[in-house]
Amino acid sequence: MINIRFPDGSIREFEAGVNSLDVAKSISPSLAKATMAAYIDDQLKDAKDAINSNCELRLITVKDPEGLEILRHSCAHLLAHAVKELYPNTEVTIGPVVDNGFYYDFSFKESIGEADLPTIEKKMKELAKKSAPVSYRVVPKAEAIEFFKAQGENYKVEIIDSIADEQMKIYTQDNFSDLCRGPHIPNTSVLKAFKLTKLAGAYWRGNSDNEMLTRIYGTCWATKEDLEQYLNMLEEAEKRDHRKIGKVLDLFHFQEDSPGIAFWHDNGVRIWRQVEDYMRASNNKYGCSEIRTPLIADFSLWQKSGHASKYAENMFATKSENRDFAIRPMNCPTCVQVYNTKLHSYRDLPIRMAEFGIVHRNEPSGSLHGLLRVRSFTQDDGHIFCTPEQVEEEVILMVQQCFEVYKDFGFNDFAVKIALRPENRIGDDETWDKSEQILKNALDANNVSYELFPGEGAFYGPKIEFHLKDAIGRSWQCGTIQLDFSMPQRLGATYIDKNGEKQVSVMLHRAIVGSLERFIGMLIEHYAGNLPLWLAPVQVAVMGISNNQDDYCKEVFIMLEKNGIRAKLDLRNEKIGFKIREHTLLRVPYLVILGKNEQEQKIITIRKHSGEDLGQMSVDDFCAFLDKQIQAKE
């Protein structure tokens, strides 16, 4: 007999060889039905793995994040199974879990399009209903190679060859087998709520020199209700797509001459200026001086900073006068050069620098996505140089600033995470203990709840991440606050302490909105293009019922502009209904409509974008009304 301890501290006795599924059944049939896998002494295992000794056990169900991930990974296998049934000559490659779903890459011999997805999905449902048990076997590497070679699965053979392990795990359901580390669901019958969503091209191993594969995306959920809710969200997200809205509102465009880099139009630049000016004012409030540093620097700087060894593939390089240069992928090393121009005393610290720094990263073309994933973007970087004693207070201020910014932009629902030390890191445990505690203390001081994520910090320090939730429930990873033990040492950022000794400065990195391009894309989708008044590129459209009001329209327009309102004058010889519809589609917050009565009484009639009639008032009262909203960030 063996003793199994549960998360609540209780201990129960079982026969040796029992598995997690049996344990779940002994508690309740419904728990067994929901069990996907289990943690056995902190190791994630298949639900049918035998337990032969005393242990701690935590059952993983579909309600747990790990359970949902296992469900989705198993659904990717079901997709591959269905494809092999329908297209036997297809070679399967890899099928990982991604946000809210999964994908699988295939090498089809036939031409496959979006129209084929319903057929594949139907086959998946047929296979799931078979309730096939899912099992695995562990075999020597050579045997796994022979097994997949015999099936003509050359990509699997290549994958196995690239793995250092001498033992391979092969999962089987019905007549389909796949290479996988697992764990997987106990039975295919639990796969009931899934949908194939789209098809795309993807190079094998992300290398454009390799074969172009067909990538099929899908989503999978614990219940049909969850699936329906997600599909509704996707439908709403499609309506809010910033690329479509950006075209309608004439904000920006992309073209193949400059892939992954936006061409900003006048309306887009107006939004950009509001975001940048707001952040500049916020930085001033929190004591940051603004700097501007070169986009290009000698490659030796990137070698010293460590970027050359870690980001070389994502860096754009150039040559001039027999010297190697790189376009910066990050702003930190050039910021340190500004700090290093002076000798600093501990009395000078903290020194806070902010920069709207343009960076370039050679992202794969297949990953580019409007403003959300680009090759050139402007980062609202901040770098703080301070003493160890000042770190906690600086982080407290940065957290406070982040919260102010997000709330002003209309994001009131967010999650905060602390990424803790990874296995491969620099610095001793004592330093990491102190650093991680500082981040926790700073969040506690701001009354912020947070989650801990062990192993997800950078090798040079822990960090805080801010994840914003938008109007339709999507989560966006946005700001970061990062402690850095490495770069100040590498680049010689020092100060003189009170004993006259030279010390390495502590460096804090922070980005609040992050990439301005991405943040503006987020804002467009969050508000579905209906930006709040203070951000709207055009705040008021002025129009007359007939051309008889042209002079009065011009007079009102000039008064609005003099009061700092971004107004548009529409004197076209069109029907008033046409003008109203057009400016409504352009998401202009307020429409000023002028007729004979307004002209004679020197008043204006105001209509909101929503269609609500605000009645009549003087131009001065309207300007005061608008200014109140703008100041309140409404």
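Positions of Cβ are set from backbone N, Cα and C atoms, glycine also.
Note that the structure is predicted; figures quoted are calculated from it, not measured.
Residues or ranges marked as Zn(2+) binding site in Swiss-Prot (evidence: sequence analysis): C332, H383, H509. Under the DSSP three-state reduction, H509 (Zn(2+) binding site) is assigned to strand. The Cβ of H509 (Zn(2+) binding site) lies under 8 Å from the Cβ of C332, D381, G382, H383, T480, I481, Q482, D484, each of which sits 6+ residues away along the same chain.
Per-class residue totals from DSSP over the domain 'TGS' (1-61), listed helix then strand then coil: 14 helix, 29 strand, 18 coil. Summarising the annotation, Swiss-Prot assigns domain 'TGS' to 1-61 and lists sequence analysis as the type of evidence.
The region 'Catalytic' annotation in Swiss-Prot covers 241-532.
The 10 Å shell around the Cβ of C332 (Zn(2+) binding site) contains 21 further Cβ atoms across the protein chains shown. DSSP gives H383 (Zn(2+) binding site) a strand state.
DSSP assigns C332 (Zn(2+) binding site) to a helix.
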